[in-house]
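Going by Swiss-Prot, these are the annotated features:
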type	residues	note
REPEAT	111-156	repeat 'PFTB 1'
REPEAT	161-202	repeat 'PFTB 2'
REPEAT	209-252	repeat 'PFTB 3'
REPEAT	466-514	repeat 'PFTB 4'
ACT_SITE	497	active site, proton donor
REPEAT	526-568	repeat 'PFTB 5'
REPEAT	603-643	repeat 'PFTB 6'
REPEAT	652-693	repeat 'PFTB 7'
REPEAT	714-755	repeat 'PFTB 8'
């Protein structure tokens, strides 16, 4: 039995912060001395018997409850940090019984318990580490890439592989498949990917815990076999040699040489889409296939409903299992691909057009090298990383570029009680700015000054200090100097909301004593951040995420990804817009003369965008969280900061009414992830509540001035938070609460610790006490 085997483990993993400092590895480099870098290390000598037993108990608890609470609770590093800091929760918990009132003292006790717990989780660099995974297609490409290049057992030790298999087993659905994300319904894409991953990691065709391989293979064959896998799966399995390139729609590398006046041009694409298809087109243009090993031949036999050599590959190009299909390809798309497949591609493989293909591959590789250098070989994200790395290996298996990629693989690994996975690339800055704001809201400054100072230093150290190298606009890039990334400075890709929240924290702490929070940020660096935000506003007043929006909306019809949406071009987002309003409003108060007219115009247009993007029911669609509750919290915050009130703003009244109408019987809020793909509000099954979403709704109502009209809904929500708090001061892990590209959900493990604290802090400082009895 898998769990019994794990009881014999006598060694432990450790989370290391800032690894690489003083390292003589010539292939590992950093722009700011690896501040915020997170890597896991297996220590064969670590751990007392009690510590190992605690880890094992966490694993078994997750396994027993894996179909009830789907995401892990991210406990391994928390246990480590709490042990290292000798954390003991000294404040006893207080519960609010039915018929009792909530007093200021009860709210304060709950708040202090949460603050002390969160403070203990801060890293030595000043940020809060956390899992940022969830999609179940993140890890297999790394395994495939390292298998192809011969580095699988070199980069991933036996302990790494054991924990990766644990993650796969623990997140297998009861029907034998794997969802697009943790807890999602089974899909061909992720079931095939995880089956192949298990086999590459050493499992036999009938191996795996609880017959994992046999069950998943049956699911695949029962649903049509690998020919029904979506396009990204077709691409990766062609690279691996388990599928055939002639069963893929064309991805011509000539695209990267298109003139800029064309409506279809790389500079007009969303950066993530652009940098996914860039290396894919290189691999497609070369029709690269990895070594055909006996294992690859076995996989060809195991995963199709007909003999591999008898498959008519050209007819499989447009196939996609119904379980995976969210964004069906249009007839125009199919005609375009067919014309490329039957006319253009045959020409480009023949002389003299073959020379054009060769030149295009060189141009594509030039762009790949540029992006690698600009990101210290982290690349933009985990979907792109193995593609970029493989392209470098194909160009030169012994080259420095490939070795620099290898040195950054461990930045993507994350370990929890549910095993080891690939996560995005880290959410260090994002989690830090929210943790800092929640702590600031607590008004317990005298107790947590050292925590605030370290967090402030991390935020300042993580600001991007330069634009992308060279002629970055020619490389389809936008300015980045003064921005903040989602993770750390090395990553290099600034994001508007990360920039706005980072700027807000620095501005707020510039008003506090330097003896408490450290020296304020230099004015020029603040101005650089403001410049980033001003550059990101569109004509409609909205703010985009990574690069200025403006491409024609019809380009989205060319979306080739069957299971995601809104990923071809940049859009404006209510969340990014509201964050920018918050930061620039505070900047305007503190630096009233700097670009005064531009900022006033920006704020006016941004407020108009929020008002115009409201749904008829009063909600706002959240693009990065689940979903309407998340978007509504942001929008109400932005409107309130801009000076709008419930009495003079219809949008604010409608937003508050939406939240009041969706409050659950227990006083909380709970929204299903199905709201995201369906684009309409859907409550959690059984109308149960989620504490993170409850916190967002509470803060949204507070921004609307609900406490002045009727504080009862806020008291009811606070009662739920207070009574749900754990013994150590944390809050329990529940459903995933974040999303991206409309149809995929993702885990932000720090949300459960940050947002309930923040909501209680706002509640304690702004809602009158005592509450009525209820």
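Here the Cβ of each residue, glycine as well, is placed from N, Cα and C on the backbone.
Reduced to three states, the DSSP call for the residue listed as 'active site, proton donor' is helix.
Assigned with DSSP, the residues of the repeat 'PFTB 7' (652-693) fall into helix, strand and coil as follows: 20 helix, 2 strand, 20 coil. The list of residues near the repeat 'PFTB 7' (652-693) in space but at least 6 beyond its ends in sequence, with Cβ under 8 angstroms from a Cβ of it, reads 183, 326, 565, 614, 617-621, 626-630, 632, 635-636, 639-640, 644-646, 700-701, 704, 706, 713, 715-721, 724, 731-732, 734-737, 739, 742-743, 745, 751-752, 755-756. Around the Cβ of the residue listed as 'active site, proton donor', the number of neighbouring Cβ atoms within 10 Å comes to 26. Using a Cβ-Cβ cut-off under 8 Å and counting only residues 6 or more beyond its ends in the same chain, the repeat 'PFTB 3' (209-252) has close neighbours at 2, 137, 140-141, 144, 147-148, 165, 168-169, 172, 175-178, 186, 188-189, 191-196, 198-199, 203, 277, 280-281, 283-285, 287-292, 296, 299-300, 302-306, 311, 313-314, 316-321, 323-325, 337, 340-341, 344-345, 348, 360, 390, 560-563. Same-chain neighbours of the repeat 'PFTB 8' (714-755): 69-74, 82, 87, 89, 91, 93-96, 102, 106-107, 110, 113-118, 121, 128, 130-135, 180-184, 326-327, 416, 424, 427, 430-431, 434-435, 438, 561, 563-567, 622-627, 630, 663, 666-670, 673, 676-677, 679, 684, 689-698, 701-702, 706-707, 763, 767, 771-772, 774, counting only residues six or more beyond its ends whose CB sits under 8 Å from a CB of the stretch.
DSSP places the residues of the repeat 'PFTB 4' (466-514) in helix, strand and coil in these numbers: 19 helix, 4 strand, 26 coil.
Along the repeat 'PFTB 8' (714-755), the predicted structure has mean pLDDT 98.
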